[in-house]
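What follows is one structure encoded as structure tokens, with my remarks underneath.
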């Protein structure tokens, strides 16, 4: 009897727990329904205001009415800004083989022509915040296109060192402006489940631009005035981006920050859609957070939040180290800007150097395509930490290729090293810093934060291109690639292992909660996860290490 009574008591306790769970679930469901009813009422009011205002959907939305299709259209065309960035890196690599002879320019001035584009880009990056705040994301990109077009015309028509240098710096200002604007423009207009992949499109287009630049150089290498045609070919793509941006909308979050709620609703409705509870909730959470941040900014100089507010300080330190140190000082700009001269240095002729550069450009482009898929399925952290050792291996091979005593062996080892290096770099260090920069800053500081990242990008580019020839002379090619660049990659990988948080599947507003956590908690969590990963690897539990979501 005692056992039976005990069994009844256990059964009664289990039933009570089940009833509590059911009741809690019902309450949660009712709260969700109630919240959705309130949101629908507010959305109905916004729709009435929209109809009363007489505002029509932007032209591109009339052509592509489905939000899920339209967001890919928006991201694809906006990412052409990355294509322009990549084009310059590869076009100048081919053009600089012929410019010195045609314009009677010595190596010192040629270094200025190659490196001072980045100096113009630094100026453009410094202008990102004020121009974005004044004109918005869309019109900032349009201004960048105009600068890029003007610079491209001056480059192609240059008859002297001064005109060519001016064209390079004007073009650089346009590139600097768009690198700090395109990633947040895409990020602010897309859903969290697609954000990593869509922002990765920017890096894919950078690498597509690299490939197109090498192709253009190969096409025009035997044409009279070849370097002018090479540099002028970029005008085609700047024109495409300029025309496309005229048909695309403004950023939803920028519109909300400017008090244009109805306009923000109109864009969100066509770009994101408002059919699901999650989309409705994110729209109103975005509004609430934007208004709170704007109210707080009235009582203080918000730029100082990067120093005094721990959440912002953690984000900017992490982003700067990832972009300026790990990405830019991994040697990518030295390899890309000087691909032609480095190929020539291994013993190839100028023409063969241009043609062979296609191998590196093609590898870089193909390697970034998987990032679109894996950035959101695996996560930022697994992708970067899994592939960064390959970058190190590639740098070792490139560096030691110059020690070969046979020219043909040197050429083969060098090309092999470049292919390995660019394959792994393009899959991890290429897209990840841009994805991170577009998502980790609070809305009211996003323009400033991304402009800081763009500034870091171009400071690194300027340093590693303008001073590259001097570094080769001072440290030798092996010392530059193995000692300097590979050393940065190794120590950068160790830093990321401990300090890099995972930001996959978080809304831009949920990032605040992540970066409010103390750094020691993030380090402790990363260390525990790292130990678990090693245990899984030792026991061949690979599916636990690389989980697709």
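Placed from the backbone N, Cα and C atoms, the Cβ positions cover glycine too.
Any TrEMBL annotation is an automated prediction that lacks curation.
Features as listed in TrEMBL:
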type	residues	note
COMPBIAS	1-13	compositional bias 'Basic and acidic residues'
DOMAIN	74-504	domain 'Major facilitator superfamily (MFS) profile'
REGION	1-43	region 'Disordered'
TRANSMEM	69-87	transmembrane segment
TRANSMEM	107-129	transmembrane segment
TRANSMEM	141-163	transmembrane segment
TRANSMEM	169-186	transmembrane segment
TRANSMEM	198-221	transmembrane segment
TRANSMEM	227-248	transmembrane segment
TRANSMEM	315-339	transmembrane segment
TRANSMEM	354-375	transmembrane segment
TRANSMEM	382-402	transmembrane segment
TRANSMEM	414-437	transmembrane segment
TRANSMEM	449-468	transmembrane segment
TRANSMEM	480-499	transmembrane segment
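Counting Cβ pairs under 8 Å to the transmembrane segment (382-402), the stretch among 315-339, 354-375, 414-437 with the most such contacts is 414-437. Highest Cβ pair count under 8 Å relative to the transmembrane segment (141-163), across stretches 69-87, 169-186, 354-375, 449-468, 480-499: 169-186.
Summarised as a single figure, the pLDDT of the domain 'Major facilitator superfamily (MFS) profile' (74-504) averages 85. Of the two recorded stretches, the transmembrane segment (169-186) does not lie close to the transmembrane segment (315-339), with fewer than three CB pairs under 8 Å once pairs fewer than 6 apart in sequence are set aside. Of the ranges 69-87, 315-339, 449-468, the one with the most Cβ pairs under 8 Å to the transmembrane segment (227-248) is 69-87.
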